[in-house]
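Trainee: Below you will find the structure I want to go over with you.
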Amino acid sequence: MAANGEEQQTQAGRHQEVGHKSLLQSDALYQYILETSVYPREPECMKELRELTAKHPWNIMTTSADEGQFLNMLLKLINAKNTMEIGVFTGYSLLATALAIPEDGKILAMDINRENYELGLPVIQKAGLEHKIEFKEGPALPVLDQMIEDGKYHGTYDFIFVDADKDNYINYHKRLIELVKVGGLIGYDNTLWNGSVVAPADAPMRKYVRYYRDFVLELNKALAADPRIEICMLPVGDGITLCRRIK
């Protein structure tokens, strides 16, 4: 009985406030990962941008350092060259991508806020990577619709990373599945949404976490049922679901 009581207390503690960036239940363990294998191997330009972004009032929006490392290696493993990113913020994941793709690789990057992108742009420029990036300011859906209408972009993307408005993830997926190549990957970020996907309905949550929670749950259910893709959900960062197009 004592063990069960301790377990219940632990579970209650985890749900005191849903909204922690790391999904690991031990902050010490997460810090160990960062200090042992992430920070020592982090490129200097990514470290600079990470530290710059940490001063931003909305720094929680950035891709975590361990996820940036994961994306960088993943892109190298699949030999990605033509990529897309929806939701850029200050550009940490964008920089991880630019470092991974070849010299003639391209990233179509879209965000509604150019100011945040330009905060990190000097770091990207100093690293000599700006030529790989085409940045478009504004909502991504009209751009995607135009690309699909043009017809020449179907199945042309090796990798697409989405870290934007969660209430549009389903709408993005409907379009991106046409633009990614067969065998290519789409990565949806925040699919475990601060752990809120398994939190009790009455658990205290930050307002933005509670607002987007149902949209994330809807996406996860839709991806699991989509016969056009293979999926893998990973507890990296705030949860990332990789979708490999198979048809």
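Every residue, even glycine, has its Cβ placed from backbone N, Cα and C.
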Trainee: Name the residue, out of Asp104, Asp111, Asp150, Asp158, that Swiss-Prot lists for the same S-adenosyl-L-methionine site as Thr63, Glu85, Gly87, Val88, Ser93, Ala140, Asp165, please.
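Mentor: Same S-adenosyl-L-methionine site in Swiss-Prot: Asp111.
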Trainee: Which of Asp163, Asp167, Asp214 shares the divalent metal cation site with Asp189, Asn190 per Swiss-Prot?
Mentor: Asp163
Trainee: Quick one: largest C-alpha distance among Thr63, Glu85, Gly87, Val88, Ser93, Asp111, Ala140, Asp165, binding S-adenosyl-L-methionine per the record, in angstrom?
Mentor: 19
Trainee: DSSP on Ser93 (S-adenosyl-L-methionine binding site), three-state: which is it?
Mentor: helix
Trainee: Out of the binding-site residues Thr63, Glu85, Val88, Ala140, Asp165, give me the one sitting nearest to Asn194 (substrate binding site) by CA distance.
Mentor: Thr63
Trainee: Sorry to bug you, but what's the C-alpha spacing from Asn190 (divalent metal cation binding site) to Asp111 (S-adenosyl-L-methionine binding site), rounded to the closest Å?
Mentor: 17
Trainee: What kind of secondary structure is Asp165 (S-adenosyl-L-methionine binding site) part of, going by DSSP in three states?
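Mentor: Where Asp165 (S-adenosyl-L-methionine binding site) sits, the three-state DSSP reduction gives coil.
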Trainee: Can you see whether DSSP assigns Glu85 (S-adenosyl-L-methionine binding site) to helix, strand or coil?
Mentor: strand
